Amino acid sequence: MTIERTFSIIKPDAVGRNLVGDIYHRFENAGLQIIAAKMLHLSREQAEGFYAEHQGKPFYDPLIKFMTSGPIMVQVLEGEDAIRRHREVIGATDPAKAQAGTIRADYASSVQQNAVHGSDSTTSAEREIAYFFTTEEICPRTR
Ligand code: RTP
Ligand code: MG
């Protein structure tokens, strides 16, 4: 199995509810190492650039409004099969469809206000990590 990196966001709803520690605990328990992390309050331009693939969709404007509504935590997670494993811990986009015990089943209040983001492919992980972190900000356990 190959060691991968993925990009993760704790969204404004979850940061606002003091869930950062709980969610980090779930990542670490799943074997995902946090190798970079910071808190940000996104500008409209930052959010629009990050979600460019969704531009024109009906949920795009409310999504940008939500993602700029308060601080977020962004992190890079590393581990075996990290992209899939991270999305497993997160659960389905719609909390009503998310498996019991996943972050979204426990904490998402709607399809939009769904607590977390996780990259969906190696290509998007690379783009998303580079969008928020410089190489110097990423600290793997071994170099
Ligand atoms: P994410 O990118 O945040 O990990 O979530 P995802 O892959 O499960 O969902 P995606 O389709 O990429 O959508 C990105 C975010 O947009 C909001 N959304 N709202 N129908 C709706 O109202 C709707 N659909 C998507 C969610 O915040 C979703 O996480
Ligand atoms: Mg997505």
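Residue positions begin at 1 at the first shown residue.
Quick reminder: no glycine exception, Cβ is built from N, Cα and C everywhere.
These features come from TrEMBL:
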ACT_SITE  His117  active site, pros-phosphohistidine intermediate
BINDING   Lys11, Phe59, Arg87, Thr93, Arg104, Asn114  ATP binding site
DOMAIN    3-140  domain 'Nucleoside diphosphate kinase-like'
* To do: Please report how many Å separate the Cα atom of Lys11 (ATP binding site) from that of His117 (active site, pros-phosphohistidine intermediate), as a whole number.
  => 7
* Structure fact -> Within 10 A of the CB of Phe59 (ATP binding site), the number of other CB atoms across every chain shown is 12
* For His117 (active site, pros-phosphohistidine intermediate) and Arg87 (ATP binding site), what Cα-Cα distance in Å is obtained after rounding to a whole number? -> 8
* Structure fact -> The mean pLDDT across the domain 'Nucleoside diphosphate kinase-like' (3-140) is 98
* Of Lys11, Arg87, Asn114, which binding-site residues come close to ligand 1, meaning Cβ under 6 Å from one of its atoms? -> Asn114
* Nonlocal residues around Arg87 (ATP binding site), in sequence order (Cβ under 8 Å, 6 or more apart) -> Gly118, Asp120
* Structure fact -> DSSP, reduced to three states, assigns the residue listed as 'active site, pros-phosphohistidine intermediate' to strand
* **the domain 'Nucleoside diphosphate kinase-like' (3-140): DSSP-derived helix, strand, coil residue counts** => 64 helix, 28 strand, 46 coil
* **Among Thr93, Asn114, the one of these binding-site residues whose Cβ has the fewest neighbouring Cβ atoms within 10 Å** => Thr93
* For ATP: widest Cα to Cα gap among Lys11, Phe59, Arg87, Thr93, Arg104, Asn114 in Å -> 21
